[in-house]
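A.B. asks: Below you will find the structure I want to go over with you.
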Amino acid sequence: MCTKGAFPHRSASSLPLTCVHTYIRVCASALGLCMKLQCVSLWLLGTILMLCSVDNHGFRRCLISIDMDHIEDSFQEIKRAIQAKDTFPNVTILSTLETLQIIKPLDVCCVTKNLLAFYVDRVFKDHQEPNPKILRKISSIANSFLYMQKTLRQCQEQRQCHCRQEATNVTRVIHDNYDQLEVRSAAVKSLGELDIFLAWIAKNHEVTSSA
């Protein structure tokens, strides 16, 4: 029997065999425990660093330096005239299934970039406006969208604008809704819903005034 403190001045080589085995088992257990604790500590540290990285690169909102009040005022001046041309009042493009409301913070930049491209490359080009006053307002909004696209490209270069599958799916739904209508009708419908997109930008980005 190996008793605690029975051999205070004897080396491990002079101890009975059972005591040596016990001594080895205790040391091995202690070493294993230390290694486990070290692994846990390293895992916790890695998790913290990963979360910090996600917070810095994924959830940081892009700063859009644009006068949103000017864009919204321009739209309000033409909203009634545009929506009066809408021949499909019960159909929606942006707001179907509350599309924009289910977007996660990590996907905000990508969806914003895609929708700006949607308006610039499709809606504004497809719409044919005979009224010069309304056309000027639409052109002003389009120029503001081009400026915002430039800002978001900078975010993308800084790796703050990841495009995950969720963001791609949302964009596809909006394009599919657009394609369900004749081109001119779809353009009018999308312009009439522009206030939905503008409100979403203001809510999901740190918007500053350029004035």
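Counting starts with 1 at the first residue shown.
Using N, Cα and C of the backbone, Cβ positions are placed for all residues, glycine too.
Copying in the features that TrEMBL gives for the protein in this structure:
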DISULFID  Cys62-Cys155  disulfide bond
DISULFID  Cys109-Cys161  disulfide bond
DISULFID  Cys110-Cys163  disulfide bond
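Mind running through what each feature is packed against?
C.D. replies: Within 10 Å of the C-beta of Cys155 (disulfide bond) we count 19 further C-beta atoms, all protein chains included.
Cys161 (disulfide bond): 22 other CB atoms within 10 A of its CB, across all protein chains.
On its own chain, Cys110 (disulfide bond) has Cys161, His162, Cys163, Arg164, Ala167, Thr168 as residues at least 6 apart in sequence with a Cβ closer than 8 Å to its own Cβ.
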A.B. asks: If you count, for each of the disulfide-bonded residues Cys109, Cys163, the other Cβ atoms lying within 10 Å of its Cβ, which residue has the minimum?
C.D. replies: Cys163
